[in-house]
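Enquirer: Mind having a look at this structure? Questions to follow.
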Amino acid sequence: MAVVYDNVTKTFHLKTQETSYIAKVLESNHLTHLYWGKKINTNNLDYLIEKNLWGSFLTDTDNIGTIQLEAVRQEYPGYGSTDLRSPAIEIQFEDGTSATDFRYNGHKIYKGKPPLKGLPSTYVENDDEMETLEIYLLDELKNVRIILTYNVFEEFNAITKAVKIINESEENINILRVLSSNVDFKEDDFDFIHLSGAWARERHIIRTPLRFGMQSIESRRGASSHAQNPFIALARKGASENYGDVYGFSLVYSGNFLADVEVDMYSKARAQIGINPFDFNWLLEKNEEFQTPESVLVYSPNGLTGMSHTYNNLYRKRLCRGKYRDKVRPILINNWEATYFDFNETNIKEIAKEASDLGIELFVLDDGWFGKRDDDTTSLGDWFVNEEKIKGGLGKLSKEINEMGLQFGLWFEPEMISPKSELYEKHPDWCIHIPGRNRSTAREQLILDLSRKEVCDYIIETVSNVLENASISYVKWDMNRNMSEIGSLGLPPERQRETAHRYMLGLYRILEEITTKFPDILFESCSGGGGRFDPGMLYYMPQTWTSDDTDAIERLKIQFGTSFVYPSASMGCHVSAVPNHQVNRNTSIDTRGIVAMAGNFGYELDITKLTQEEKDAIKNQIKLYKEIRETVQFGDNFRLLSPFESNEVAWMSISKDKSEIVVNYIKQYAEANKWNKPLRLTGLEEDAKYEIIDSGMILGGDELMNIGLVIPDLKGDYAATQWILRKYTL
Ligand code: DGJ
């Protein structure tokens with residue numbers, strides 16, 4: 001049983017195959033957190049309950065002097081009673097006050113996992129996969145109820161948590177803060193890890209020791225953002241890739257989020273994640289409910305790799321959905337860096353023809369095919385083809401491309417509106433804005449107000465119309481700016497701070513409807529590259545354009561960081577031209593190929609302009625990737641040498657049946673007179689033999705893991721090599 005309730009000790013024990021999570025109802029009916037970590041066998045951890053701290057300046061709970069909530073680790077702390085640390089929930093009542101006192105009021109255990117209404121979430125394929133625990137908390141004075149939902153993914157070793165507030169009181173309440181998860185640790189000897197960066201520099205790994213007080217990451221940008229990813233981990237001091245305790249928190253949400261850790265007066269760490277309370281409130285009328293997004297908690301005793309394997313597997317199999325979840329992804333070519341806006345059906349078909357000859361499977365027409373869009377100043381919202389560029393329209397072009405043996409894919413940016421567009425002329429009030437204030441543009445565009453139903457309906461209708469009238473197998477769904485002057489004409493003053501979250505709910509409805517309506521289309525999300533690479537988007541679209549930075553060396557850090565949480569099948573990785581368009585660097589076609597083979601492989605350059613030698617290299621890359629893509633996309637990935645720590649970078653993938661191994665190595669800068677240490681592999685079977693395909697050499701798993709692969713003599717900067725190994729049986 002995944003959820004055990006001990007009636008005597010009033011203890012909940014959530015068990016996955018390798019982990020335990022334990023909480024308990026105290027005599028005062030407050031809910032305390034007791035343990036999260038490696039699986040243990042007891043249901044009684046009462047000895048861990050914190051005792052009264054004499055002379056501590058803490059407030060006595062219930063005035064009885066035996067319990068002071070602020071010293072006790074809590075499951076879901078409120079604010080203003082006797083715990084004065086960072087709350088998980090804060091509500092303002094009609095009298096203006098915001099103290100609450102939530103206490104246990106029952107629970108329910110059942111099989112299965114109901115979806116979260118209107119929100120993306122992990123799922124089960126049948127009810128027997130999962131036990132769910134709902135714990136009910138009640139603020140008796142105001143009759144406000146909370147449901148804490150815990151879903152136990154036994155096999156995946158993950159627990160998800162979400163929270164629902166039900167207003168059963170006689171008044172409207174104002175939710176100021178409602179986080180999805182709170183975990184109070186009994187210690188603080190951790191490092192705080194997050195994935196941070198900027199446009200074209202996303203998800204760099206940051207690791208710093210926890211310190212006294214509050215540390216946090218957040219997005220206030222109306223999207224999960226390039227700057228921060230909705231994920232944090234606490235790694236026990238000394239924990240590394242393969243050893244030590246790591247606790248991960250990830251949020252299935254694409255909007256403003258907060259993830260914080262407060263180290264309190266007693267050196268205990270409180271970790272939280274959820275919707276960002278900044279510029280947020282939610283008016284909950286009588287008998288209404290509010291559902292938070294889902295948080296996904298992963299404990300690994302096997303270091304960061306163990307945590308990543310859990311997230312990668314869970315998100316690939318129980319978050320991503322649809323026909324492409326388990327299907328190898330096509331090798332694509334995208335015309336963006338090849339032509340930018342400067343294309344017509346003739347040069348597009350030339351690129352497609354060459355692509356088809358080289359073995360590419362999907363051609364993607366990027367930005368610039370619609371309205372009057374010849375640069376980025378106009379036409380977002382006008383989703384009809386520009387016949388001057390594409391004579392005969394998309395139906396004809398897509399058919400012609402299909403006839404070349406390629407699937408056809410199309411770019412959209414449906415959430416946006418250009419002030420220079422027919423749509424803006426008709427509906428100048430459809431954008432997010434505050435009357436009287438400047439409508440600040442970014443890339444000369446404004447954001448459509450998806451908190452309004454009619455705006456969402458327009459997007460569903462116009463995008464569907466294009467998809468219905470051409471042979472489209474793939475959609476790239478882009479989003480190229482963050483929010484400013486946030487306000488909605490559709491909402492009354494007291495609900496204006498709901499706009500950003502209502503936008504996400506509107507977006508999720510659009511994505512649900514469109515992806516359901518077009519189940520055969522492969523959707524890839526994008527936000528100026530990886531500005532919305534988050535679990536929320538992955539629920540609707542099983543892959544994401546990882547970054548607008550296509551430089552192979554820059555990509556090492558970006559892809560390394562992304563792999564902490566996200567499966568390689570979700571990462572779009574393309575070979576682009578040199579000198580690279582973002583950083584002007586030259587790297588060899590081999591190095592670019594090896595780096596792009598870390599995920600969903602593709603090309604983003606004008607292949608008609610390449611030398612025969614380069615075309616031959618590409619042909620070979622494509623042939624090879626087709627052979628290994630199942631391993632790369634769906635296998636287990638191991639980070640071997642980190643670009644954040646060394647000049648040498650390496651990673652490997654092992655196929656699920658453990659028969660094929662792909663190992664990649666890059667030396668960023670050439671070094672003189674240096675002996676390269678062999679590259680030790682990991683995750684192999686000690687007793688198995690493996691053949692290195694190119695050389696025919698046969699080595700044991702024990703040798704490969706304890707001695708390693710010998711690095712060949714690589715010349716020059718940015719040199720790379722790749723080994724394919726297959727299990728050898730006589
Ligand atoms: C940003 C994307 O990340 C690029 O790949 C490209 O699609 C441009 N937008 C087009 O405007």
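Here the Cβ of each residue, glycine as well, is placed from N, Cα and C on the backbone.
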Enquirer: Considering the substrate binding residues TRP199, ASP366, ASP367, ARG443, LYS476, TRP477, ASP478, MET479, ASN480, ASP548 given in TrEMBL, which of CYS456, CYS526, CYS573 is annotated for that site as well?
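Expert: Only hit among CYS456, CYS526, CYS573 in TrEMBL's substrate site, alongside TRP199, ASP366, ASP367, ARG443, LYS476, TRP477, ASP478, MET479, ASN480, ASP548: CYS526.
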Enquirer: Quick check on the domain 'Glycosyl hydrolase family 36 C-terminal' (649-725): DSSP residue counts for helix, strand, coil, in that order please.
Expert: 6 helix, 30 strand, 41 coil
Enquirer: Based on Cα coordinates, which of the following recorded positions are within 10 Å of ASP548 (active site, proton donor): TRP199, ASP367, LYS476, ASP478, ASN480?
Expert: TRP199
Enquirer: Per DSSP, ASP367 (substrate binding site) is which: helix, strand or coil?
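Expert: ASP367 (substrate binding site) sits in coil per DSSP, no helix or strand.
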Enquirer: Could you give the Cα-Cα distance between TRP199 (substrate binding site) and ASP478 (active site, nucleophile), in whole Å?
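Expert: If we compare the Cα positions of TRP199 (substrate binding site) and ASP478 (active site, nucleophile), the gap is 14 Å.
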Enquirer: Mean pLDDT for the domain 'Glycosyl hydrolase family 36 N-terminal' (29-285), rounded to an integer?
Expert: 96
Enquirer: Starting from the Cβ of ASP367 (substrate binding site), draw a 10 Å sphere and report how many other Cβ atoms land inside it.
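Expert: The answer is 20.
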Enquirer: Cβ distance under 8 Å to LYS476 (substrate binding site), same chain, sequence separation 6 or more: which residues?
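Expert: Residues satisfying the criterion: ASN334, VAL364, ASP366, GLY409, LEU410, TRP411, PHE412, GLU524, CYS526, TRP545.
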Enquirer: Restricting to the same chain and to sequence separations of six or more, state which residues have a Cβ under 8 Å from that of ASN480 (substrate binding site).
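Expert: Set apart from ASN480 (substrate binding site) by at least 6 residues yet with Cβ under 8 Å, we have GLU413, MET416, ALA442, ARG443, GLN445, SER527, GLY528.
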